[in-house]
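Note sheet for the following structure.
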Amino acid sequence: MYVRSPDVAAQREWHWEDDAEMIRRVNRKLDLGLLPLLSLLYLFNGLDRGNIGNAQTQGFTDDVGALPEDLNLAVSLFFVAFVFFQPLSGAVGWWLGPRNWMPIMMVSWGVVTIAHAFIWGRAALLTTRLLIGALEAGFYPTAVTYLASFYSPFDLAVRIGLFFGQYAIASAFSGALSYSIFLIPHAGLKAWQLLFIIEGAVTCCLALIAWIWLPAGPGTAWFLTKQERAFAEHRVRIGCADQAGVATLTRRDVKETAKDWKLWFALVLNICASVPASAFAVFLPLVVQGMGYQAIEANLMSVPPAACGAAGLYLFALSSDRRRERGYHITVAIIITLTGLIALVTAPTNTTRYAALCVLLVGSYVPAPLTVAWLSGNTPSPGKRALVLGVNGWGNLAGVIGSQLYRPEYAPGYRVPFFVTLGFVAAALAGVLAYRATLQAVNRQRAAIVQSKSAEEIDFEKSGDARYADRKWTFVYGL
């Protein structure tokens, strides 16, 4: 039952934090009504991003009149466009509404994915990858902003984990799907052409379903009752009390985002930590092929390592939400990644290298989504949060690094790329520990300030605008 405040007529507010049964019921309905479809959409976002690596195992660059090293340049250009357009696309998503912007993006990149099947020449290859990067750029921050408008902060990380996990699942599913498509008898089309056509067409169909299915927000969620919709709206307002009811970007949001040291600190460590996941999203089939597997078989054998990555992400995200902790979870995941990398470069046989690759991927997909949840929970202003998550998307610069590391001249062993990747991951480990320690120090300073202030001064700080959002000394950073 609802626990209402005494003046129901005047306030009609619920102390939702005391209503565990209602929280479970609403979360369960949201999990069924939103997460499966959003996860499927992001799965195809990952498929359309990484399928070029599967296509390359079937001689893609040779067939389109390009060189193998042109693939690395094309992947780099994809991530350059992806990073450049992500904040802008995220802001457009906030302006148009995620429910509208996500299907528009999907139809656009689905059409370009289909166009991959009919390109010729180096220029066409580079152009299509640039377009895919620009069109996919805003999907992830828009979807995360969308989820944050339905869930309370410490229900969010596991949902982001389940959602982001499709990036890992995409690598596994892409390998299995590519293997199946490459075995289909066909006349007049290359196997890789069929891959692009099928995946692009399904993406366009899913976009239409999403536009029909997804509600604009908690207040229009058709799968919730009237009371549940009011409850869902109320708890999100409580979670964003600093800017309750504000649904616009302001000049101050932009200014405060640019000055937010947490964002730039987290961005650097996120880039370093994301190099393995970004690289293997495209080059995993080629890395596995270098371990002695044949072209088609390499696509199938890329499934187990990617599945290990998805399982690791889900477990870490669930634990992070339950324990309400981010930093140490990211730290442990990075240590697992380092362990796998060290084993990978020292393993004497392809069998042990393959096992090490599975260990490496258990931790590789964890830092990015937990960093998003960390930043989201520490950014109470919705407008600023949209910009912060968009800028944090520049962590995809890791894809530019990875695409230039895993070049054809390092095949089949890729030892040099693995050593360089190890260096980036080690830097990320130092960075995340320093980041958490810094937040902890700021919390101690703010606690001392609060203790020295009167109740009136504390209330004025919470309601005043001298300091904005998380810069208020009454705000406590999540660790």
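In case you wondered, yes, glycine gets a Cβ from its N, Cα and C as well.
Marked as domain 'Major facilitator superfamily (MFS) profile' by TrEMBL: 34-446. What TrEMBL lists as transmembrane segment is 73-97, 104-124, 130-148, 160-182, 194-214, 261-288, 300-318, 330-348, 354-375, 418-437.
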The transmembrane segment (194-214) vs the transmembrane segment (104-124): 3 or more CB pairs under 8 Å: yes
Spatial neighbours of the transmembrane segment (300-318) far in sequence, C-beta under 8 Å, 6+ residues away: 157-158, 160-162, 164-165, 168-176, 179, 277, 280, 284-285, 288, 293, 329, 332-333, 336, 354, 357-366, 369-370, 373
Recorded stretch, among 73-97, 104-124, 330-348, 354-375, maximising Cβ pairs under 8 Å relative to the transmembrane segment (130-148): 73-97
Average model confidence [pLDDT] within the domain 'Major facilitator superfamily (MFS) profile' (34-446): 85
